[in-house]
Amino acid sequence: KKKARESCSLPESSWEERLANAVTPLWRLPYQEQLQVKYESQRKILQTLASRLEELGIDAQKPGGLCCPLQPVVPSPIINGYRNKSTFSVNRGPDGNPKTVGLYVGTGKERNIVCVKANHVENIPSKHKQVAQCYEEFICRSPLDSCILFHEGGHWRELVVRTTSCGHTMAIITFHPQELGQEALATQKALLKEFFTCGPGAVCALTSLYFQESTMTRCSHEQSPFQLLHGAPHIFEELLSLKFRISPDAFFQVNTAGAEVLYQAVGELCQATGDSVLLDICCGTGTIGLSLAHRVSKVIGVEVVEKAIEDAEWNAAFNGISNCEFHSGKAEAVLPQLLASWEDARPLVAVVNPSRAGLHYRVVRAIRNCRSIRRLLYISCKPEGEAMRNFLELCCPPDPRKKLAGEPFAPVLAVPFDMFPHTVHCELVLLFTR
């Protein structure tokens with residue numbers, strides 16, 4: 001409560017307050033009230049799903065107009081500073097400084113974007129803020145401009161900071177090379193390394209410092225490799241008594257303590273037994289599958305990011321887990337092949353944890369058409385978005401025109417997890433059976 005009172009002392013309509021309101025809209029509310037707000041928003045989503053299913057001729061109305069029972073929001077064990085990954089932009093600040101490192105207030109559409117330092121944002125840990133401040137100090141000393149609009153030139157771009165409960169810190173700096181030659185690039189990398197190892201940035205005690213040359217908004221390792229300038233190639237996290245290796249662009253739940261609670265619940269909801277096979281779709285570094293491997297006979301993970309699969313395989317070997325196999329590639333390419341030839345008699349339980357873009361239709365179709373999958377857990381951080389399309393595809397009547405022959409699923413239970421305190425978002429776990 002004391003912390004909340006201190007936060008509310010931000011000057012009214014200050015840039016810091018505007019940023020806090022944009023990034024963490026619920027920051028003024030006591031935590032129990034935040035959970036209630038989130039519960040109501042999840043309830044509306046389930047009501048919408050029930051209505052959409054009714055339109056498809058499916059009797060899905062349950063008490064309260066929901067498509068299935070909704071449990072209370074499971075709280076996050078940590079409320080402030082819980083993020084293990086933060087992405088900071090470089091742009092003009094409220095004072096006109098074009099090398100401000102922070103988060104955006106405003107929109108491109110309105111042409112009123114301002115980059116504001118994140119010092120007062122509740123969900124970002126102090127270590128991330130420290131690295132952002134040091135990066136700003138470095139680029140302000142640099143004769144090279146920040147890259148605000150690609151076609152206008154400039155070089156210094158966003159900063160990603162990742163931390164773990166083991167005390168590791170990784171910084172990834174994105175740089176637009178423009179017309180710089182290799183020698184000039186080498187000079188900038190040397191200066192950056194010197195600043196963070198011997199200069200003022202040494203206070204950050206970075207475990208890993210990465211540099212990526214990118215001419216695109218976002219760039220994968222395959223498109224433009226992450227270059228290690230200093231330290232270890234990976235950082236490590238401990239979760240549910242397992243150790244996980246994390247690469248620069250590998251997905252890992254942003255709230256580690258919350259992820260432990262989430263994965264334990266996923267294990268219970270799966271009801272997977274010793275003879276079950278767990279299909280972990282969009283598995284990232286393998287956290288869900290590996291944490292449940294001791295409960296099942298086999299885990300099969302699918303993930304598009306190659307480096308994440310390398311991490312998953314390392315994680316399995318390091319933790320002495322031998323009943324997991326991981327497939328690298330787009331789920332819509334890998335899964336249909338995997339399931340089309342599925343002849344294993346063991347029960348197959350699927351867990352999907354896609355990005356906000358949801359699952360490709362071919363993935364949903366492969367799941368529907370595989371008779372062995374009777375139980376499916378869909379984990380979504382934006383269930384009102386593209387995930388809603390997936391829910392309808394999973395539950396709609398068979399449709400030969402869409403090659404959707406399999407028996408439909410039905411939603412039977414919804415459990416929201418607050419992985420993002422102070423924001424309006426939460427992670428919804430929706431259990432489907434057939």
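Even glycines carry a Cβ here, placed using N, Cα and C.
Listed in sequence order, the residues of the same chain lying 6 or more apart from C381 (active site, nucleophile) and placing their CB within less than 8 Å of its CB are R356, M419, F420, H425, C426, E427, L428. According to TrEMBL, the feature active site, nucleophile maps to C381.
Q253 (S-adenosyl-L-methionine binding site): 25 other CB atoms within 10 A of its CB, across all protein chains. Among the features that TrEMBL reports, S-adenosyl-L-methionine binding site is placed at Q253, E303, N353.
Largest Cα to Cα distance within the recorded S-adenosyl-L-methionine binders Q253, E303, N353: about 15 Å as a whole number. The residues near the S-adenosyl-L-methionine site, meaning same-chain residues not in Q253, E303, N353 whose C-beta sits within 8 angstroms of the mean position of the site's C-beta atoms, are F251, F252, C282, C283, G284, T285, T287, I288, I379, in sequence order.
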